[in-house]
Each structure stands twice: as C-alpha cells, then as structure tokens.
Ligand code: PGA
C-alpha cells in the first residue's frame, strides 16, 4: 500500500513572520502521520521554511523553477538555487501558471526536466477547465497534457515525479470534484501513463487530487483507490485545516 503525499500550495500568501507562525503551529500537528507532508511556499519563505522544518517530517517545496541553470532570465529562479537551500519539491505547470503566465506543455516539460536534473521532485499539475469537461473534451485534454508534458521523460525519471490532477473548475472555487469524479479522472490519467510506461510504473506513480480539498472532504477523497494524495491551496493556509487533511488518512 502506498502512503499519501499531502502537499500544501501556499501560492502568493504568507510573509516571513506569517510563515513562521504557520509552520510552528503545523509541526506538532502532523508529526505522527505516515503520509508524506510537503509545504510549497513562496520563494521568500523558503530559507525560513527549510530551517524551521529541519529534523521534522515536513518537506519543503517551491512553486516553480526555470529550465536554465543561470543567465539573463530576469525574475526566474534556477533549480539548483532551490536545492542549494535544501528545497526538495517544486510545483510545475500549475493551472494558474498556465492561465496567467503563459505556461504551455512545452515549458512545463522543460521545467520538469531541469528540476529532475537538479535532484528536485517535481509536482506536475494537469487538469481540464469546466468548458473542456462540459464539451466532452476532458480525456482529450488530459491525454494531451500527459503526452506533450511528459514527452521525453524516461521511466526512471517518472519515479521522481508526482502528478497532481487538478480540475481547473475546482481550484479556489469551493466546488470540489466528487470522490468518484476525481477517482475516475485519475484512473484515466493513470491509463495514459500505463500506455507509455507500462502498468507497473503507472501504478507506482503518485497522482494527487487538487481543487478545494479541505478538512471536510479529504477523508472521502483520500479513501478512493486511485487518489494518492492531495495538493491543497486555501486549506493549507490554516495549520489546523491542513493538519486535518494530512491526518484524514491513516
Ligand atoms: P485550492 O487550490 O485548494 O485552494 O482549490 C488547490 C491548488 O490550486 O493547488
């Protein structure tokens, strides 16, 4: 049986003082879980987060990284700049990046490759919009995101990747996919990976659900056969709520 990977995506929230408060509150609340706990914090909180979580079961992630090691890329952060701080995970291709900052399957792949090269574990996000789902195109979109976004990812590299299935219509809206909707979509995604990498590799792959997951609905979602964890936005900003998600599945 796999454990679950529960990752908080703080997005553009929490300054250093607020981050310290949240992490300090969180540490004792999640210390007994057998699930993997990750917090993906703003760049400016990374140093503090790594320092505060040292010796605890909380892993630290960033929310993006560039595909180049250095150079004239104003405003970007190189993967090795993250590993040098002790950061272990990085969110790649979140729908907010795709929608507001022009990320494409191609840039997602480039960032993922570079992150892996540096020894980071990418949490690669995919998911359909409401329009795509209602238009009957959910499978087509997910299939394209996996096929294009993982184009030259090897089977060995896949072992270090976490996939987050996040239906765009459920992110930050308070509308969660039902347990079955989330499970079915993830089963479909796993099938696409299985076609390329084989069943064993696809079964071993961690695929999280994300989109308004919280302390109330986590137990149901995490009990589903295909759901290997969660990527949690809003509810990760309150220690008790995030801890309840972490502890919702034993
Ligand atoms: P949400 O965000 O939990 O606030 O819906 C999830 C995400 O965007 O990763």
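Quick reminder: no glycine exception, Cβ is built from N, Cα and C everywhere.
According to TrEMBL, 9, 10, 11, 172, 233, 234 bind substrate; the candidate from 154, 212, 225 that the record adds to this site is 212.
Listed in sequence order, 19, 39, 40, 41, 42, 45, 63, 233, 236, 237 are the same-chain residues at least 6 apart in sequence whose CB falls under 8 Å from the CB of residue 10 (substrate binding site).
Distance noted between the C-alpha atoms of residue 172 (substrate binding site) and residue 166 (active site, proton acceptor) is 11 Å. Closeness to ligand 1 is met by 172, 212, 234, these being the binding-site residues among 10, 11, 172, 212, 234 whose Cβ falls under 6 Å from the molecule.
A helical conformation is recorded for residue 234 (substrate binding site) in the three-state DSSP classification.
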